[in-house]
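To keep things clear, I will list the structure first and then write my remarks on it.
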């Protein structure tokens, strides 16, 4: 496989259905097109090594090829590896034990889980690759509930499946459905390495992009990934994503809601949860209609605008329902109130609540000056971090060595970008963002 090449995958937000999804109600998640992980796969400067460089978490580690030989060349261990390569529904504890010595030096939690995810997928997907450096850059805030770990897992899975010859070729022009299925399967394994029991939602959104509808199985309480309903032709919806930096415990928030549902007010909570599920169903229906309503005549434009206003109204309603069950936070309400005061659009919390992030779908009649004023006040007065992006958009994608080598100036800039430890989001977007540059990403 020719080097260097790049892979990328987006983050995600929950549009509708936070908390109600726990009680088997439908929910909708979507990719965040401009918040992404980028992975550069290049030749390592140190011979006979595999290197992982992830400056966002201050992590760089090299493993010797000899570290892997005990797994790949020993007859008994290679049989254990072969079993793990076939077991795409869960982690092989035999392989986990074989990887323990390679992780022994890593005590910091972030570093350990990043390395565990990396090594598990590496030995399963491209165990004979050598002299390779994996360099990660992300424009996603880590730990904000925006699917940063899934974005990383998908980027790694795509790169390693490509290196291992499981998908595509040097002349890869399009990722097939089977390619994406393989990537999603292994990214889910990567998520298991990091989180233990992930839902499968984050990696699916990061792989396929756009949006999906999901709900728990009422019989066993798990999310059946085979029942995901993907919205492929998703309308680009402009939004401001705001990260409050307010820490929160998803576990505590879910437990607090559970007390309301099962102990204190079950009859009150039932219609609220039902309404949240209905927001998800109607929201998906509206977005589907928006994606199909593309005419330029007066009637089509009017219909499109009416649908968009309905979507904004549903966002407002869903946030109100979340407030009613006690999962908002004064810091989130500041954003909601400011967006209402400035008539920017409709704001709701996204994710577990209690802090974290909000999304603001923007009205169509506002100016860039109004948007900038909104962002500036949030940043200057409250030290929040804002991201102007679109809801939905490209999922995982790959920039082959063939395409990267076509422009040596761009190639040089890419390497400079990854070597610079203090690269800004704007610098990354200007050079790499799919759809924002002329780079021929394959998706």
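Glycine too: its Cβ is placed from the backbone N, Cα and C atoms.
Note that the structure is predicted; figures quoted are calculated from it, not measured.
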May I ask you to find which of 12, 264, 270, 289 Swiss-Prot records for the ATP site already listed with 138, 143, 144, 145, 146, 147, 148, 149? 12
DSSP on residue 145 (ATP binding site), three-state: which is it? coil
Just name the most isolated of the binding-site residues 143, 147, going by other Cβ atoms within 10 Å of its Cβ. 143
With every protein chain in view, what's the tally of Cβ atoms within 10 Å of the Cβ of residue 12 (ATP binding site), excluding that atom itself? 29
Those same-chain residues, other than 12, 138, 143, 144, 145, 146, 147, 148, 149, found with Cβ within 8 Å of the centroid of the ATP-site Cβ atoms are 11, 140, 141, 142, 150, 151, 202
